[in-house]
Number of protein chains: 2
Amino acid sequence: MTIDTARMVQMANAIRALSMDAVQAANSGHPGMPMGMADAATVLWSEYLRHDPAAPNWADRDRFVLSAGHGSMLIYALLHLSGYERPTIDDIRNFRQLGSPCAGHPENFLLDGVECTTGPLGQGLAMAVGMAIAERHLNAVFSDRLVDHRTWVIAGDGCLMEGINHEAIGLAGHLKLGRMNVLWDDNRITIDGDTDLSTSEDIKARYEATGWHVTSCDGHDFADIRRALDEALADERPSLIACRTVIGKGAPNKQGGHNVHGAPLGADEIAAAREYLGWDAEPFTVPDAILADWRSTAESGKVAHAEWRQRLEADSAARAAFEKHMAGVGNLASPALEGYIRDLAANPKTVATRKASEMALGPLTEKLPQLIGGSADLTGSNNTKTASTAPFSADDYSGRYLYYGIREFGMAAAMNGMALHGGVAPYGGTFLIFSDYCRNAIRLSALQQINVTYVLTHDSIGLGEDGPTHQPIEQVMSLRLIPNLNVYRPCDTIETAECWALALEAPTTPAVLALSRQNLPQLRGEGDADWSAARNRSAKGAYRLKAADADRKVVLVATGSEVEVAMACAAGLEEQGIGADVVSMPCMELFAQQDAAYRADVLPADALKVSIEAGVTQGWERFVGVDGLTIGIDRFGASAPAGDLYAKFGITAEAIVPQIINKLNG
Amino acid sequence: MTIDTARMVQMANAIRALSMDAVQAANSGHPGMPMGMADAATVLWSEYLRHDPAAPNWADRDRFVLSAGHGSMLIYALLHLSGYERPTIDDIRNFRQLGSPCAGHPENFLLDGVECTTGPLGQGLAMAVGMAIAERHLNAVFSDRLVDHRTWVIAGDGCLMEGINHEAIGLAGHLKLGRMNVLWDDNRITIDGDTDLSTSEDIKARYEATGWHVTSCDGHDFADIRRALDEALADERPSLIACRTVIGKGAPNKQGGHNVHGAPLGADEIAAAREYLGWDAEPFTVPDAILADWRSTAESGKVAHAEWRQRLEADSAARAAFEKHMAGVGNLASPALEGYIRDLAANPKTVATRKASEMALGPLTEKLPQLIGGSADLTGSNNTKTASTAPFSADDYSGRYLYYGIREFGMAAAMNGMALHGGVAPYGGTFLIFSDYCRNAIRLSALQQINVTYVLTHDSIGLGEDGPTHQPIEQVMSLRLIPNLNVYRPCDTIETAECWALALEAPTTPAVLALSRQNLPQLRGEGDADWSAARNRSAKGAYRLKAADADRKVVLVATGSEVEVAMACAAGLEEQGIGADVVSMPCMELFAQQDAAYRADVLPADALKVSIEAGVTQGWERFVGVDGLTIGIDRFGASAPAGDLYAKFGITAEAIVPQIINKLNG
């Protein structure tokens, strides 16, 4: 059903009016993009996007990503006009105010229909790549009958100029994600001025070079927009649709200039725009006829949803399989690991924790079909590939292993998109140092409250010869500072498996696993012969691995590869009659959440507390106090074999024990 | 002078032999790239690169960047063979061992001739863009007579696949940096396998789309390499030279495969390679004739250097100007600010610290011609442009302001390259939150011991409505964890100027200035009427801004916008008869470097210490102890006006004073 052009104009103007009025009321925000893209968005949402406002989480809906998240009023207007329960007109009236779901940038956790949090430029489009990957994978598993939808993106020049765009479109082009379509708001304006101030790129040629179909349209001509979208649908490649627009279209004196990008139009210009657009309605009022036209556009999606539900219900076995799969990992990671861990208890293994991670991933990937792994070109180093995970490629989307290429940020954002899509549980690897390259995507995993697991290996100077550019020093502690992110640094095979279980069983919290390059002895095993989720000692974040033999004077707290060092220190102390506990702290964040009694039991007030971690020390005072000792490395590393570096930086029992004794005597 | 082909083959094989032998001896490293690019590098270094091994820091030398830093043996071999004092053959023998300048990845601080530290992929090429910018700028200022050199890069597929490559080449193409030439080691291999495992991109087309000249050659055919390099020299655009190579060329059984990338060849394969290459010499031995050929190639650079020195010495006024400029900022920032700060003392200003930064940059950019500013498309928000800094553009390289575009990582790396080049002092702005996008380049500023100033505005929830994606929470503290980086968070106009002086006068330490979006009262002024460098109170990192009126019970320590809050808390406490100092701590790192007496005076043991900072609290225990109070925000922010957010998160005197009183009473 096509609505005639005059009415379409009014539908688009409803977006413009809501956007300019909401920004004005908030006295902050970005009217330029919603007004410029109102026409293209109206065509997309009313005629192409398959969605059901009454069922915003319908699994087979099209995904829509507003990558240019600063233009948030566009999606708020679209959701409201299309008939989503929220945002209400009052929500929009409270745009950017405390408590309104209409936040400055769209937040997935505030509104259904906002598929992902956007604003950090480039990441929306890159998350959309992940959504399109998830769609193709689930399609391969469950067929067109149950999974067959598109991923739509509106992106601006900023999204295209960011480095992550190169990574994202390279991946999408290579994987031939033809059901992904990007509408580029080609308004030739950035915050600083005209785009030609900072770029001369032929964007269309770049996309074509990366395996994309590219077309253009007049972003203010409904027929031309339809023509371009139809062309995109017909092409098997992912599509870039360059929508030539005038930023702030409708504000007669300001449109087309960079001042309309990120500031209210002002009362005078809004009055002028009302006249220019022929929009008589009061602020935050959409005339009934226009609202009715908008609401009518949801019909086709409602029908599609009903038909899909019929198909789902027609085959109860397929339905059960689908629903089980879409329900995610749940608490099934621990049972998947039980036998494996019990075996380890009986047969200890001295391996690097990156290898221990691979070993744990064996049963996990075998038993949990949602797990989709990958690495940013470090498969053999991150140990992320297992026998159960065949490559995911343009030739075979049923695979569960992604060769992401040398694209850390693109990988992380794609994983966010996969997790947001649902039905898949992504994990991916790179070196811990390169968390720096994808840090903001890790932050967005945490902010968006999704489960993504970062397998970050080579986690300290223990990687040795590659030197300071590759040796994490501040990374572990600085990742711990990201809210709602659990950073796990396990010390041996069993802890690694425990941390994997915890990481996967936290649906709203992402995880980092910081893993060693170098071999580590298995320190656990005793008491783990009947391991189960309830006996996951890492679950409290830290625990007493070894109790003092003699009267306890010292508590050594360590993580990862330094737990071995702490054990050696304890042995050295006890040789001298100084009782020392060793506490392994695989997850500082989980420990901090325990009650005071548990924390005081593990880290008692009456002992000298010593932290040992081959990284920066600041932050450890929280646990060992300013009267404790913080053993670590507060400078960059060096290039040498790992053992030499541990000696050089004093992370050895030989270097630490005398300091402890001095402290006790001081 | 051209050396005949048979001898050139031997020169290249010398690189191959040293590389495979050094990696073997170290039992780690990357032989594939040096062996594959040995032929192209031999042509480049012996016939094109203008350098003088006897004067490695000659200002007008060509710059050479091994962006594919893992192939570090290539540059070590080239430096040694060309006749640089270091590395010696013993240095190479100790490749990757503790204390050797031949580290796993090339480090600028270990060897002359290593222009920058590389290894983190993509950044070498992006730093080279900065070097090429610096060259063009200094050329515009000092003419061809004194500055007229090229920037050469060897990059691998990883460098080209990383997102930063898009940003870097976009900037270089837009700025028409025609004296930059990139030799791409087109070996079609990545760590995980063939490049077609993860990419289908037409790289040449992408570079062409970005304004680059592109040519190709057989990377093992000297004549063809020369032809391609000549073509690059003749073109006015930056050039990409695709050198089609066989990775590990010379290892007969392993060449061309991904296993030769990052592991020793093994004794058998090395023996086979010796036979295949006809290389009879013992490990770490280069036959005299081959070494003589190599050493002879430095002649033309020696002559060029001598001619340049003649030109320099021919005009003593020009020489003095040039040498003064190249000497850098030195200690001249403080004198440049004296009058400005003294004025502020008399005429206080309530402005945002981002505005205060702009005000300080006025006299700084006016008086220090080395300063080159810029912003990643947030000029009006970062307040980075001044009247003295005209745009740097392809039409006018004399300008001192760069519109970097929406390219944070590219900007940061370019600034590193500019600083490494010398003669310019770069500063650049973005939002503090987007330090996440360029974090590893900030780290490389610190690791490389160079002066770069990051102007990071909108530094807390105080930015208000843009919401959690834009509100730094963990950024300030996590940047503090980077070694050799000073993070400044000034509280008012005068501190902002003081921090600018400190930032610019630290030649081997980069700086972050974390600046507010919101207005802040001027708290300083008293005692600043005769301000000078010696009276820079920020220089000790923290100082008592206000002494307790009554008997001191509490010390409030705050940074940036929260110093105002601390002052309000102190007033509230003193109303109740509780004496409270207020300590402003604009730079935690500098304070930590002060002697114990000063630290104990500022943060005395006998007072309750309370930190107030609108960010994560972990890390503050170091200064306020576990018995102190850490007021901050340990969750993501929200979208609302700034005042509402400060109230919501309890960063107000009303919320804090009762907690302090409770603690005192507890």
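All positions are counted from 1 along the displayed chain.
Each residue, glycine too, has its Cβ placed from N, Cα and C.
Given the structure is predicted, the values throughout are model-derived calculations rather than measurements.
According to TrEMBL, the protein has these features:
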- B:HIS30, B:HIS261, B:ARG354, B:SER381, B:HIS458, B:ASP466, B:HIS470, B:ARG517: substrate binding site (BINDING)
- B:HIS30: site 'Important for catalytic activity' (SITE)
- B:HIS70, B:GLY119, B:PRO120, B:LEU121, B:GLY158, B:ASN187, B:HIS261, B:PHE434: thiamine diphosphate binding site (BINDING)
- B:ASP157, B:ASN187, B:ILE189: Mg(2+) binding site (BINDING)
- B:HIS261: site 'Important for catalytic activity' (SITE)
- B:351-522: domain 'Transketolase-like pyrimidine-binding' (DOMAIN)
- B:GLU408: active site, proton donor (ACT_SITE)
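Locations of recorded TrEMBL features on the structure.
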| residue | record | contacts (Cβ under 8 Å, 6+ apart) |
| --- | --- | --- |
| B:HIS70 | thiamine diphosphate binding site | B:HIS30, B:MET33, B:GLY104, B:HIS105, B:GLY119, B:GLY262 |
| B:LEU121 | thiamine diphosphate binding site | B:SER67, B:ALA68, B:GLY156, B:GLY158, B:CYS159, B:MET161, B:GLU162 |
| B:ASN187 | thiamine diphosphate binding site | B:GLY32, B:MET33, B:GLY36, B:GLY156, B:ASP157, B:ARG244, B:THR245, B:VAL246, B:ILE247 |
| B:HIS261 | substrate binding site | B:HIS30, B:GLY32, B:MET33, B:ILE189, B:THR190, B:ILE191, B:ILE247, B:GLY248 |
| B:GLU408 | active site, proton donor | B:ALA376, B:THR430, B:PHE434, B:TYR437, B:CYS438 |
| B:HIS458 | substrate binding site | B:ARG354, B:SER381, B:PHE431, B:LEU432, B:ILE433, B:ASP466, B:HIS470, B:PRO472, B:LEU515, B:SER516, B:ARG517 |
For the binding-site residues B:ILE189, B:HIS458, B:ARG517, return the ones with C-beta distance to chain A below 8 angstroms, or 'none'. none
When each of the binding-site residues B:GLY119, B:PRO120, B:GLY158 is scored by other CB atoms within 10 A, the minimum falls on B:GLY158
I'd like the number of other C-beta atoms within 10 A of the C-beta of B:PHE434 (thiamine diphosphate binding site), please. 26
Measure from the Cβ of B:SER381 (substrate binding site) and count the other Cβ atoms within 10 Å, all protein chains considered. 19
Using DSSP with the three-state reduction, classify B:HIS70 (thiamine diphosphate binding site) as helix, strand or coil. helix
For B:ARG517 (substrate binding site), the three-state DSSP class is coil
Largest pairwise Cα distance, Å, within the listed thiamine diphosphate binders B:HIS70, B:GLY119, B:PRO120, B:LEU121, B:GLY158, B:ASN187, B:HIS261, B:PHE434? 34
Other residues, Cβ within 8 Å of B:ASP157, B:ASN187, B:ILE189 Cβ centroid (Mg(2+) site): B:GLY36, B:GLY156, B:ASP185, B:ASP186, B:ARG188, B:THR190, B:THR195, B:ILE247, B:HIS261
The predicted model's mean pLDDT over the domain 'Transketolase-like pyrimidine-binding' (B:351-522) is 98
Mind giving me a neighbour count for B:ILE189 (Mg(2+) binding site)? Other Cβ atoms within 10 Å of its Cβ, every protein chain shown. 26
Counting every protein chain present, what is the number of Cβ atoms, excluding its own, within 10 Å of the Cβ of B:ASP157 (Mg(2+) binding site)? 24
Could you find out if DSSP has B:ILE189 (Mg(2+) binding site) as helix, strand or coil? strand
Between all pairs in B:HIS30, B:HIS261, B:ARG354, B:SER381, B:HIS458, B:ASP466, B:HIS470, B:ARG517 (listed as substrate binders), what's the biggest Cα distance, rounded to the nearest Å? 48
